[in-house]
Amino acid sequence: MDSSNWTSVSHFVLLGISTHPEEQIPLFLLFLLMYTVNISGNLSIITLILSAPRLHIPMYIFLSNLAFTDICFTSATVPKMLQNIFSPTKVISYTGCLTQTYFFICFATMENFILAMMAYDRYIAICHPFHYPMILTRMLCVKMVVMCHALSHLHALLHTFLMGRLIFCADNRIPHFFCDLYALMQLSCTSTYLNTLMIHTEGVVVVSGALAFITASYACIILVVLRMPSAKDKWKAFSTCGSHLTVVAIFYGTLSWVYFRPLSSYSVTKGRIVTLMYTVVTPMLNPFIYSLRNGDVKGAFVKWMSRIQILFFR
């Protein structure tokens with residue numbers, strides 16, 4: 001394209017999930033409900049873990065960080081999406097768009113690392129139960145969480161910087177509900193080769209590295225569990241991993257489908273639907289997945305509700 005036709009874009013237009021007026025109110029109510037459930041559910045998980053001393057162990061330290069990450073991950077996109085549903089312009093500034101991209105990538109990466117840390121926790125708990133308190137100390141957990149945050153911000157900074165180098169044409173309409181990497185790259189007038197290369201190299205290393213670590217951890221867990229003589233012990237060991245495996249399958253399945261494919265084969269329509277799964281649906285379901293399948297969390301919740309009833313109804 002002739003460089004004389006390039007224009008400086010000061011803002012983008014987020015077209016959202018649907019452009020049909022009759023669908024706006026149902027979509028707003030649906031996503032407002034999902035966002036409310038997400039925030040309240042994950043805040044409840046964090047409050048339960050902080051208020052119950054018996055849950056101050058590595059497994060629940062990581063779970064509370066996952067809940068915090070889910071709140072931030074969803075908050076990076078959903079509030080703006082809800083605002084734009086009834087906005088006549090649906091505008092987001094150029095700086096606001098890059099900021100949204102940064103935090104979206106940052107918290108998606110953070111979730112990726114936290115899921116890997118939770119797999120490591122299960123590996124130590126099942127394969128080395130007698131050394132668990134000595135290996136996963138409170139200080140090690142803090143260092144792992146801090147490293148997770150640092151790497152996530154560096155990863156997000158890299159991709160946001162590369163996005164900031166692109167020049168955009170007169171068409172500033174993004175057919176998505178947030179500033180998605182691929183949707184933005186399709187609007188660029190300049191080459192996106194370096195952006196795509198980094199997604200398919202550094203991005204794949206970050207995501208696939210964590211997934212490979214999770215897979216290796218569970219391979220070791222399966223080998224140890226299969227050698228257990230008691231069927232009851234086998235079931236107890238596997239039951240502690242079920243919640244985590246469910247979240248891992250949903251998160252990595254949808255994330256890989258959207259990003260680890262050529263830009264030319266990217267479908268915005270299908271991408272929107274799949275993106276909704278790991279940005280809105282999965283963070284909303286995580287508190288239920290972990291609480292319904294976890295006796296410690298359910299027990300802490302019952303005690304918490306009992307204290308609330310005594311406080312307000314005595």
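All positions are counted from 1 along the displayed chain.
Heads up, the Cβ atoms here are built off N, Cα and C, so glycines get one too.
In TrEMBL, the annotation transmembrane segment applies to 272-292, one of the ranges 272-292, 293-313. Note: the stretches the transmembrane segment (238-260) and the transmembrane segment (62-82) are not in contact (fewer than 3 CB pairs below 8 A, sequence gap of 6 or more). Highlighted: of the candidate stretches 25-50, 62-82, 102-120, 140-158, 272-292, 102-120 has the greatest count of Cβ pairs under 8 Å to the transmembrane segment (204-226). Long-range contacts of the transmembrane segment (62-82) within the same chain: residues 14, 16-17, 28, 31-32, 34-35, 38-39, 42-43, 45-46, 49-50, 92, 100, 103-104, 107-108, 110-111, 114-115, 117-118, 121, 141, 145, 148, 177-178, 279-280, 282-284, 286-287, 290, each at least 6 residues beyond the stretch ends and with a Cβ under 8 Å from a Cβ of the stretch. Proximity of distant same-chain residues to the transmembrane segment (25-50), defined by a Cβ-Cβ separation under 8 Å and at least 6 residues beyond the stretch ends, is recorded for 17-18, 56, 60-61, 63-64, 67-68, 70-71, 74-75, 78-79, 81-82, 85-86, 280-281, 283-284, 286-288, 290-291, 297, 300-301, 304.
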